[in-house]
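Copied over from TrEMBL, here are the features:
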- 33-52: transmembrane segment (TRANSMEM)
- 64-93: transmembrane segment (TRANSMEM)
- 105-127: transmembrane segment (TRANSMEM)
- 181-200: transmembrane segment (TRANSMEM)
- 233-254: transmembrane segment (TRANSMEM)
Amino acid sequence: MPDVNGTMHNCSYRYTMNDQQTSFARWVDGPCTAFAAVLALTGTVFAAKFLLKAGLNKHLTAALFSLCVVDSLLMCTVLMFYSIEAIGMIFLGTNIMYQHQAFTTSLHGVASSMTTSSTMLVIYISLQRCMVVMRPLRYANTLQERSNRKPSSADSAQLLPALTPIDFVRELPLRKILKPYLMPMFVVLLSFAINIPVHFEFVVEPCWDDEHQQEASCPNPTLFRGDYARIKAVLNTLTQTVGPVAVISVLTLLTEMKVHRSLKERRKLFESQKRSRSVVLTEELKEKVSRTVSIFIAVKFLILRSMPVFFDIWENVHGIDSFGVVLSILVRLSDL
């Protein structure tokens, strides 16, 4: 609809409509999402503190630290992309981001990339745990070889004068610290590469803001968005919902089967060594706690991903245009 000078259309924002569906979206995307994001950020801080003193395998620790960072950035992106506009509409009755639509729209691709990164890192962590359980001797031997390769102080003193600048950089502890993070960084970069087309789904165009009586801007879908919709649905199914759920389910099942067999073998070993009952119970308790936490993490992920799996399958079969009011509301809850 053109404005009085007939050159620009009226601005259209996400949460300005007054229908029931938009009102529900404001509360879910606004206060509810903001509260959940703050809780998630708080949990990430506790997780990082735990990892600093947990003494886990350094590759697993690096992957978990990377997941903490990615999840923190995802929560901050969600707050800026969804919550600020929705909260402004609820409590102030206006879109306080109407002059920053270019920035808000740019977060659309970032949020999708962060979501994929977080999910792919969970797969990588599940794979790490599975490999440690399936091949414990390989990891133990690797650690032993690395400890045996540490030179003595005398050897280091003899080698120091012969080191070139490049060799000296290679010997820095920083290089050893960063090495376990290479694979998580590759997973994150791959996730961003997969989501590059998402950045081209919207374009910010000038428009006339009737409420503020001034020129502003608002996002409009591009023609590419319609052409890319089906491909995007398939990619999201493979990288965010159905694919990760299937892979994590299989890895968790294999891991728990191996742990169960290992517990039986350990119990027989303890009995053959005639260890005291208290020692056996202590060891079993440690294993049960570890298994309970691991299973809880996997099951929580699978439960929270069950609704997105359903909606992705529905979208691939029937198309996104078939989503009615009820399904659209459920999609909001699923995103939350």
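Glycine residues also receive a Cβ, built from the backbone N, Cα and C atoms like all the rest.
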Exercise for the section: Could you tell me whether the transmembrane segment (105-127) and the transmembrane segment (233-254) are in contact, taking contact to mean 3+ Cβ pairs under 8 Å with a sequence separation of 6 or more? Expected result: yes
Handout entry: seg_contact(the transmembrane segment (181-200), the transmembrane segment (64-93)) with at least 3 CB pairs under 8 angstroms, min sep 6
Key = yes
